[in-house]
Amino acid sequence: MQSRRPVMLVILDGWGWREDPADNAVLQAKTPTFDALWTNGPHAFLRTSGKSVGLPNGQMGNSEVGHLNIGAGRVVMQDLPRISDAIANGEIERAPGLVAFIDKLKASGGTCHLMGLVSPGGVHSLQDHACALAKILAKAGVKTVLHAFTDGRDTPPKSAVDDIVRLRAELPPNVPIATVSGRYYAMDRDNRWERVSKAYGVIADADGPRFADANAVIADGYAAGVNDEFIVPAVIGDYQGMRDGDGVLCFNFRADRVREILAALLDSAFAGFPRKQVKQIAAAAGMTQYSTALDALMGTIFPPQSLVNGLGQVVADAGLHQLRMAETEKYPHVTYFLNGGEEVPYPGEDRIMVPSPKVATYDLQPEMSAPELGDKAVAAIESGKYDLIVLNFANPDMVGHTGSLPAAIKAVETVDTQLGHIVAAIRKAGGALLVTADHGNCEMMRDPETGGPHTAHTTNPVPVLLVGDNGPLADGQLSDLAPTLLKLMELPQPAEMTGKSLIG
């Protein structure tokens with residue numbers, strides 16, 4: 001006899017809905033579990049982009065935004081429009097974090113090393129934000145250089161040349177591009193220090209291949225068959241590296257992929273790889289809060305918003321037990337982001353992280369660690385210990401980002417198999433299960449405009465399925481999931497949660 005009725009949310013990361021089967025890994029894959037749930041049980045669609053998740057109209061969602069909205073149970077105004085609005089109305093110039101950064105650099109006389117993802121993608125950054133900061137720094141008389149990370153993941157794989165041309169046109173003439181690094185190197189998040197060290201080398205020590213300008217770096221990469229994401233870090237012109245008294249300003253607003261490079265640049269105790277000489281940094285700031293560890297080393301221009309009474313807090317306050325599960329790639333999303341930016345687990349909250357496979361790109365192993373994660377999920381359900389389980393399967397998103405349709409099909413099929421095991425365990429335990437996604441990706445594997453691989457997220461709706469309750473389900477948005485889970489758990493919905501239960 002189960003001591004607790006488990007209620008579970010399974011997030012099929014990157015599993016969007018598109019009716020056309022062409023270049024659609026979701027529809028081309030064999031998915032008997034999903035198909036049976038869709039045919040025989042309550043189902044609906046959720047909006048995961050634009051204003052439905054606190055982003056600008058037409059802006060695709062992403063995992064960070066998605067999990068924030070899921071956990072908060074309300075539409076969370078995202079950093080992208082929040083920052084853009086502050087730039088448009090001039091408020092950013094008065095932001096205490098930026099004012100303090102500029103004052104420190106003026107006092108030290110050092111150079112500002114402005115860095116981040118040069119991309120119109122709007123997932124990790126917006127290059128317009130970089131240009132706005134560069135103009136503010138130039139106006140303040142602070143010498144500034146820019147370290148450009150190229151995208152090709154949230155944007156078409158060969159779009160960096162156009163991005164750099166637009167960047168140069170907007171940057172003040174006295175702000176040069178000092179280095180160029182593909183995000184594969186500069187924005188790792190899985191402790192692959194052999195990659196990060198190459199980006200660090202060009203930024204800190206000007207140690208790497210040298211080119212006359214940024215476009216020459218990209219052209220050299222293309223000639224070698226290397227797309228934007230994988231551009232080998234390079235030095236531009238006569239850049240000589242960082243010096244004592246310099247400052248670091250990161251314009252990415254998403255936290256997870258800047259933590260490693262910033263730790264290497266700022267943390268005197270960093271041990272990921274040997275550094276030639278640790279520079280004495282006079283000032284450091286980030287567009288948003290990146291982590292508790294980095295808080296001790298840098299300021300924040302846009303501090304986090306308070307998100308009280310989210311899903312995790314409500315469950316904990318009721319004295320219930322919850323479990324968060326994912327492999328490495330999506331572990332921060334089911335913990336930190338789902339908890340509204342809180343890193344410390346709530347009382348009664350357990351966490352399981354299964355290591356992601358150590359491969360260069362996930363098309364080489366589209367199964368990733370889903371089988372192990374699925375086994376652990378079944379064991380958790382059968383344990384009778386948990387009232388709420390939240391699990392993320394990373395495969396459809398992470399393999400979708402590679403642009404390989406055959407690999408994405410395999411990823412979807414792998415996840416469907418594991419979902420089958422979970423459904424059986426939930427039914428046996430007398431529990432309830434919601435299955436959905438945080439955004440689309442692998443349902444669109446070819447770019448209709450360029451004809452090339454489509455590696456970015458989409459603005460398509462995502463399916464939502466219900467097991468163990470008769471429903472019916474209404475269409476909605478991600479912020480409606482927490483109220484739905486609370487209803488299944490027979491817990492009251494707090495006033496701060498403005499989402500609506502999907503169950504009629």
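Glycine is treated like the rest: Cβ placed from N, Cα and C.
What Swiss-Prot records for the substrate site is H124, R153, D154, R189, R254, A255, D256, R257, K330, and among R166, R183, R243 the residue it adds there is R183. What Swiss-Prot records for the Mn(2+) 2 site is D13, D438, H439, and among S63, S369, S383, S501 the residue it adds there is S63. Among H321, H457, only H457 appears in Swiss-Prot as part of the Mn(2+) 1 site alongside D397, H401. In terms of Cα spacing, the binding-site residues H124, D154, R189, D397 that come within 10 Å of D13 (Mn(2+) 2 binding site) are D397. Set side by side, the binding-site residues R257, H439 differ in how many other CB atoms lie within 10 angstroms of their CB, and the most is found at H439.
Put plainly, the binding-site residues D13, S63, H124, D438, H457 were compared by Cβ crowding within 10 Å, and the winner is D438. Taking Cα separation as the measure, R257 (substrate binding site) is nearest to S63 of the binding-site residues S63, D397, H439, H457. Per-site Cβ counts within 10 Å over the binding-site residues R189, H401 peak at H401. What surrounds the Mn(2+) 1 site, by Cβ distance within 8 Å of the Cβ centroid and not counting D397, H401, H457, is the set D13, G14, N62, S63, R153, P396, M398, G400, H439, N441, C442, T455, A456 from the same chain.
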